[in-house]
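Database features, via TrEMBL:
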- B:H2: Ni(2+) binding site (BINDING)
- B:C73, B:C76, B:C89, B:C92: Zn(2+) binding site (BINDING)
Amino acid sequence: MCGICGCGSTTIAGGIVPRDSQSHGHDHHHHDHHHHHESGAVGSAAEDATRRLRVERDILEDNNRAAGANRVWFTERGVLALNLLSAPGSGKTTLLVRTITDLMTAGTAADRPITVIEGDQQTDLDAARIRATGVPAIQINTGKGCHLDAAMVTRAATSLALAQGSVLFIENVGNLVCPAAFDLGETHRVVVVSVTEGEDKPLKYPDMFHSADLMLINKVDLLPHVAFDVERCVALARTVNPSLVALPVSATTGEGLDAWYGWLRAHHPAPRLAHAKPI
Amino acid sequence: MHELALTESILRIVETEAERQGFSSVRAVWLELGALSHADPDAIRFCFDTVTRGSLAEGARLTIERPPGQGWCMICSVTVPLARRFDPCPHCGGHQVQVTDGDDMRLTELEVA
């Protein structure tokens, strides 16, 4: 990986996947600065033959195209794909482990198989925690990258034989800024904030809360010990996103989790193509 | 810093345009980064020189325009200016405002040779 610009390799489950973005070739490691004057002297006819072109292209178009394809793919298979977003340390993975364990105990996993894509800069520790529950998990290491993008999810989803009607949890890199811009093709965005953080996070990171469909307020078992006003947090989040649904939960004690599981059941789409096969 | 990924996307667009429209070097790039968009112009500038080094856009002049944010207040049924995404409607003070402009990030124009 490049320590100057930060671009690097993205690895999926231990394998190195070259990033499309390496087309700039890493020539920036050479800090001498070449200008290409060999085509003629400065001011020659060749140098002056410039033209202006209207381009009008969305900078995120590649990502949005891949996200659109992912969304069609998930929808056709009745997959509920959830992009889980939060700051580091909000308890996302613990919440996920508890959710999977509870849903499997309730017998839901039999008709709604669960699969997880884990995104972190380094290590497959989180994927290992998920696999310990018995569900398949694939780890994407973004290297220096600060977010998952749609193409990473395409590659990960392709390597997981996703069953019809399954629930796919995509745990994004812990970061409330960068992942907001990158549509993964998810069915819904779920942002997790914990009561050990500031209740004004929704105003400090408005893009993230604006784009979310559900906010889980985690670690509510700690409320007696911290100065966190749940109602104020919800009110601030709704100034950014008036239709945001908010559920207080504790992954440790289980408080509020039934409402979260109810939300999952209510948002599960019906498969649209009966014969779509996993790829 | 997701601006690195955004800048790499900009270079990819330039490269595909070069193939489509037949040019081999880029002298200037114009971007529109809406005031409510996900990009910080200074960070894009910082990344641009690094990402384009050794490419057909090395040394290109970068101009960034910042279209202001606008929204539609669903209560007042009027277009209102938005400096930030969560600003209330200046008329009714409510937050039922849908962003209508200033949210886009586009490569608008190139000067090429």
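Each residue's number is its place along the chain shown, starting with 1.
Every residue, even glycine, has its Cβ placed from backbone N, Cα and C.
Fair warning: this is a prediction, and the values are worked out from it, not measured in the lab.
Overlay of TrEMBL feature records on the structure.
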{"residue": "B:H2", "record": "Ni(2+) binding site", "CB count, 10 Å": "22"}
{"residue": "B:C73", "record": "Zn(2+) binding site", "CB count, 10 Å": "21"}
{"residue": "B:C76", "record": "Zn(2+) binding site", "CB count, 10 Å": "15"}
{"residue": "B:C89", "record": "Zn(2+) binding site", "CB count, 10 Å": "19"}
{"residue": "B:C92", "record": "Zn(2+) binding site", "CB count, 10 Å": "15"}
Chain-mates of B:C73, B:C76, B:C89, B:C92 with C-beta within 8 Å of site centroid, Zn(2+): B:M74, B:I75, B:S77, B:V78, B:V80, B:P88, B:P90, B:H91, B:G93, B:G94, B:Q96, B:V97
Cross-chain proximity of binding-site residues to A (CB under 8 Å), evaluated over B:H2, B:C76, B:C89: B:H2
Pairwise CA distance, the residue listed as 'Ni(2+) binding site' versus B:C89 (Zn(2+) binding site), rounded so that it is a whole Å: 30
